[in-house]
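In what follows, a single structure is set out as structure tokens and then discussed.
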There are 2 protein chains.
Amino acid sequence: MIHNMTENQITLLVIKSLKENKKKEFERILDELQPYDIAQVYDALPEKHKKRFLLFMNTDRLADLLEELNKEKQLEVLNKLEIERTGKVLDLMDNDDLALLLDDMSPERITSLLSGMKKSESKIIQDMMNYPPETAGRLMTNRFVWIRDYYTVREAVDKLKSFAEYAETINYLYVIDQERKLVGVVSYRDLLIAEPLDIINEIMYERVIAATVTTDQEEVANMVQKYDFLAIPVVNEENVLMGIATVDDLMDVVVQEANEDIEKLSASGKSIDFDTKAFVAAYRRLPWLILLLFIGIISGSIISGYEETLAQVVALAFFMPMISGMTGNTGTQSLAVVVRGLVSNDIDKKIVTNLILREFGVGLIIGITCGILISLIAYFWQGNATLGLVVGFSLFLTLIIGTLSGAIIPLILYRLNIDPAIASGPLITTLNDIFSLVTYFGIATMFLSRLT
Amino acid sequence: MIHNMTENQITLLVIKSLKENKKKEFERILDELQPYDIAQVYDALPEKHKKRFLLFMNTDRLADLLEELNKEKQLEVLNKLEIERTGKVLDLMDNDDLALLLDDMSPERITSLLSGMKKSESKIIQDMMNYPPETAGRLMTNRFVWIRDYYTVREAVDKLKSFAEYAETINYLYVIDQERKLVGVVSYRDLLIAEPLDIINEIMYERVIAATVTTDQEEVANMVQKYDFLAIPVVNEENVLMGIATVDDLMDVVVQEANEDIEKLSASGKSIDFDTKAFVAAYRRLPWLILLLFIGIISGSIISGYEETLAQVVALAFFMPMISGMTGNTGTQSLAVVVRGLVSNDIDKKIVTNLILREFGVGLIIGITCGILISLIAYFWQGNATLGLVVGFSLFLTLIIGTLSGAIIPLILYRLNIDPAIASGPLITTLNDIFSLVTYFGIATMFLSRLT
């Protein structure tokens, strides 16, 4: 009935059922909605209806709702529930979502939140919280179906059926031995094609692609993307199967990591979105800007060192923005190529050498092209051949330096295990500013007698 | 046996089997590999072994291999096959991968490639090629299982089983009526829980989240990410079910779109990766750089308009890089926030107004902070209070202008249906250069008498 309604109409219908205290009607509506839609309705609800909305929902649905909300809203919901109900809902939540919720919370707060939960469930969560943030151990779920290697196909299918409602994905069954070590994988398709009495051991794939609990989440996402999997098993150092990471969570990882790269490349500061308040956004952006202000002062003091040169040939100032701008731009271009390349490539010496040689080649080509172009422009504009040569030769050199620094700096940071994207665009730009000013004024001073 | 081997060891084993002409051995190895791994082995193979490698593979596996290769390599493989075999392999390829391969090809080349295919299969591909690039119509697959609304659960399960090997995902079954219109969806879990004689019509969800054939691929990826689906149905304007888009393809879309945003923000040019040759990379990067070179000349001519001011107060040049750098930086920060926000937010007037007001607020706060800071620095460094005020007030104004332009320019482009990321970082930076120079020298000239 509601399948053609807009979100607003549905919200109104929900409010009506809440006002009239019609729980049946309320449930009938929610039955037709996806958890994401229910979260949207909850968001749009006036504050006064929220309590009854939560009261009307069963714990299953509450757990689904929580998984769709952001952290702030999750806590808001939990605060509205009684302690006993909180425990039940947390028991039902996927453990990866719960781990994310608890992240950054004080130990006391965690203990009090988990107190209502079943011992077995809260133990799992506490174990997960011991893995480093942003690793496979943090985002795996324990809701998967495993089978033993001696099962028959029929036994495997029976187990799958009885766990279907509980499991996150039913496309793969992971096979473990008596020590819970991961020894194989069969797909649901394999089971359908095999004979009921075949032994799993004989039909399973033995070359299982797996992540370990400490694998970085970005790498896990990369594996799943390359292999087109819907889930990937996660094992510990002894190859014991601990959980699975599912593609829906990994898709979120990909989006999050891409946004982080962009934030860092633009030095826009952590997590500013459309809802961030002006004061908070300014506070997050200011540290970078102030750092860059001081670096700008360094540029200024370099120029002041060449005050006499500049006073004699004021025209040199005309080309300053162009030279430093171009150097910054080519550096940013190299930086973006390298930062994104590091995400999807395995790095070894050969690749790094090739990359640096390639960028040197690029710098050479664009340096020669732009250098000649600006020499001619400067000569015809200012009618001074020496000025043309000084500007052109400086641009040639700074473009090579800029291109190389945009490639080498992130590679060094990567080698030092520092996120290369931190060498943000503005930072590279500002460093290149300094390189380019020194080069430009250095060359100009050398030719000063012929410039005046 | 090979499950603990590295990729290199496996490649050597494959070469051995090829040299000794042992097809059984060859197949035994490939049985244990994922298509992605097989593609890696093919890539690593010396040229002289490639022909026999392809000869030894059955058509099923060849189709899987092709789906894992990039376009260039796909064509290389197809050129090595006989025409008859090409047709059979293309029949087996997923139609979305095939459509991607044919994209950008000349009509004659397409006709000759498709000539060996079954009529029914090549018709589907040609229909797909009629949808605009980067839409759901281009990336949907027709390998899915549909059921009719009057089926019983048992009939649905039977159909699912018989198509399991063929279908791309078995998690959802889409329900259509007699006109092939999409009317519902049931998950495989729903089927397992229901009674065998229940009618699909009664247990299905009617509120199906679907994309249309012309929905932009980025939006489709967004839907799947929000709802945590593994696949999403694709319908035409009459709501007739045309295909499904699967999460593995959409994950590739997310990565591709994020990379494109970064490429555009950094103006690094289209698709430069670690394997791109220096000459090609330079060629792709040069257009931007040359455009920016000319914009730099405009900056230069603005400064030359203030030649007299500059000649009288050379110290003004010391603060030029800092002012234009800071303005560029704050613009890039705003730009990144807006460009990524546009990806995940629905835009209306209210949001735009709030965003612009917010950015104005941000500009005001950082303008005041940095303006006061630089006033003090300039005063203590150069010992000239007027110079301090001129520099500080200029920075205050240019930071507000820069912040606003970084937000407003991409919003205008978005409104004009131009991809806002095209207002790349360097372009905004360079425009802000011009704004800031005019402001700075304008104010300085006004106070010239008190500066000297």
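If you go along the chain as it appears here, the first residue is 1 and each next one adds 1.
Every residue, even glycine, has its Cβ placed from backbone N, Cα and C.
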Quick one: which of A:142-163, A:164-185, A:186-207, A:318-339 does TrEMBL have down as transmembrane segment?
A:318-339
Residue list, the transmembrane segment (A:360-381) vs rest of chain: Cβ under 8 Å, 6 or more residues beyond ends.
319, 322, 326, 330, 334, 387-389, 391-393, 395-397, 399-404
With DSSP helix as H/G/I and strand as E/B, how many residues of the domain 'CBS' (A:140-203) fall in helix, strand and coil?
21 helix, 18 strand, 25 coil
Long-range environment of the transmembrane segment (A:387-414) - Cβ separation under 8 angstroms, sequence gap at least 6:
313, 315-316, 319, 322-323, 326-335, 337-339, 342, 347, 352, 355-356, 359-360, 362-364, 366-368, 370-372, 374-379, 420-423, 428, 431-432, 435-436, 439-440, 443-444, 447, 451
What parts of the chain pack near the transmembrane segment (A:318-339), using Cβ distances under 8 Å and only residues at least 6 beyond its ends?
261, 265, 299, 303, 355, 359, 362-363, 366, 370, 374, 378, 382, 391, 394-395, 398-399, 401-407, 409-411, 420-421, 423, 425, 428-433, 435-437, 440
According to DSSP, how is the domain 'CBS' (A:204-262) divided among helix, strand and coil residues?
27 helix, 16 strand, 16 coil
